[in-house]
Each structure stands twice: as C-alpha cells, then as structure tokens.
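Taken from Swiss-Prot, the feature active site, proton acceptor covers 67, and the record attributes it to sequence analysis. According to Swiss-Prot, the feature Zn(2+) 1 binding site maps to 63, 65, 141, 208, an assignment based on sequence analysis. Under the heading Zn(2+) 2 binding site, Swiss-Prot lists 67, 68, 208, 266, citing sequence analysis as support.
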C-alpha cells in the first residue's frame, strides 16, 4: 500500500444516492491521516472501506453546508469511543465556529479525547511542520469556504557518482549544503554540480466553488487535485446559480494549474451514470479520474526534478 494515497469514502453532493454517499475523503500522508469534509454517514463508510477510523488525526471542514460536515460529530464520538491517545486537530473557517460547536456537542457524551481546534480567519500557511505544510485559501461559494493544499518541502538529492568523482564525502557534504559551494582539489564545486532538487509532493482539495484564481493557485503544479464537479455542461446554469462547477470547468482549472492528476467528485444526485463526467473532462485534461467510493488513488511519481 502506498504511503501517500487518497481514499474516496463518499463522492455525492447534498443528496446521497443508492450507490454514492455524501462526500468524505481520507488522505494518507505517511503516518498522518487527514480527513476532509466528512459528510453524513462517514463513520459507516470507514467500515465499508475496511479502514480503522483511529488512523485519523486531522479533520478539515471546508465549509458548514451539511454534506461537508454532518459526519463530524459522529467521527469525533467514534474516536472518543475508541479512546485514541493522539490529539485530533480540526481545521475550519473561523466564521463557522458556532456550527462546529453544535456538531461537536450535539448529543450527550463524555468527551475524553483531545480535540485541538484551528479556526481559520486568515488565508495562507496554516501550519508548517517541516515535513509538510497546510495552506488554506478562500474559494468562491455561497458561504465562507476554504480550499486546501498540503505540500512537502523540496529536498536535495545527491548524485553519488558526481560526489565520488570529486572526492566529496563526510562532513564536507554538510559544508556544501550550507555554503552552496566548496573549494576542493584546487577547484570550486557548486551544490548544483553534484545534486538535484526533488520538488515536494503536493495535493490540492478544491471544495464547492465557482471557477476562481484561488483554486488555480492552490493546485499550481500539484501532484494531485481533488476537485468538485457537481454538474455537466448541459446544466451549467445550475452550477452558476448554486456556485458550483461543471466537469469541463474543473478540467479547465486543472489544465491552467498544471496539476499532474485530476480527480472529479461531489456529483449531483441527478446523475445516475458518471461516464459523461469523464468524457467531458478528459476532452480538456487527459489525466482525469472520476471518483469511485472506497477506491484508493496513489500519488503519481513526481517528475519535477531540477537537475
């Protein structure tokens, strides 16, 4: 199993269908379990996906329309029931604090887990852990809505043959990293001569929105982009009036953002068959998948290497 993968727990929008639950998305990032927009029934979806809810340690709510948050309370209660020892970090728009509290304390139960709230009022870097950072930007929806980007830093990868040919080893390598150049054997060796930069992996989560610059910025050069595509082009008027996107619009955003992989989700219940979503989007952006519940999407290999 990939250490970095996106698992679809639900892909419907406001109304579930017989085959699609309200949206919920689990992103596994090495040892982290990041749960995005847990809609109604998310706890049960974990069972069908054969995934332990205890793997979750961060929960993100883009906005407080029901299909993006009604599963929050039950997930917190389940984690409480399972007596998880790790803290549960919750990220959400600060303007929705009262709704977060209602979901968290909507029933009688004795909370013993540590829930750490991160109400977000400012756009930009929310947290930077060194190994990865969380970024939030406001999208263009009917209510205060956040899109997310998870990014790891770029890393220096050395070329062993180049190091060996120049006699560079041991502590000298640390000097080279620090100073970007060293003098050895009567010549100057630059860091770029013996290494390349591997671009850090990244994923963008684009929830309910009209096409907007913030969505493009979040997905810019990302490895993967999970994006709402509630409607097909034939119902574009509905997308515009409800502040959503069509599959074609989502694909156009992906193309402009130069993401590697687009995954469409958040489908209106009016569509029983989703084949046309793929046809519409792939005509604009070839590397596209239509979200399927319980399916895992491993991260594509990052080809962005500066040698």
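For all residues, glycine too, the Cβ spot is worked out from N, Cα and C.
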Using a 10 Å radius on the Cβ of residue 208 (Zn(2+) 1 binding site), the other Cβ atoms enclosed count 27
Within 8 Å of the Cβ centroid of 67, 68, 208, 266, the other same-chain residues by Cβ around the recorded Zn(2+) 2 site are 13, 14, 22, 23, 37, 39, 62, 63, 65, 207, 228
Lowest 10 Å Cβ neighbour count of the binding-site residues 68, 141 is held by 141
Between the C-alpha atoms of residue 63 (Zn(2+) 1 binding site) and residue 266 (Zn(2+) 2 binding site), the distance in angstrom, to the nearest integer, is 14
So the residue listed as 'active site, proton acceptor', by the Cβ count within 10 Å over all chains shown, scores 23
Those same-chain residues, other than 63, 65, 141, 208, found with Cβ within 8 Å of the centroid of the Zn(2+) 1-site Cβ atoms are 62, 64, 68, 139, 142, 143, 145, 207, 209, 243
Residue 266 (Zn(2+) 2 binding site) sits from residue 141 (Zn(2+) 1 binding site) (Cα to Cα, rounded, in Å) at a distance of 14
Top of the binding-site residues 63, 65, 266 by count of other CB atoms within 10 A is 266
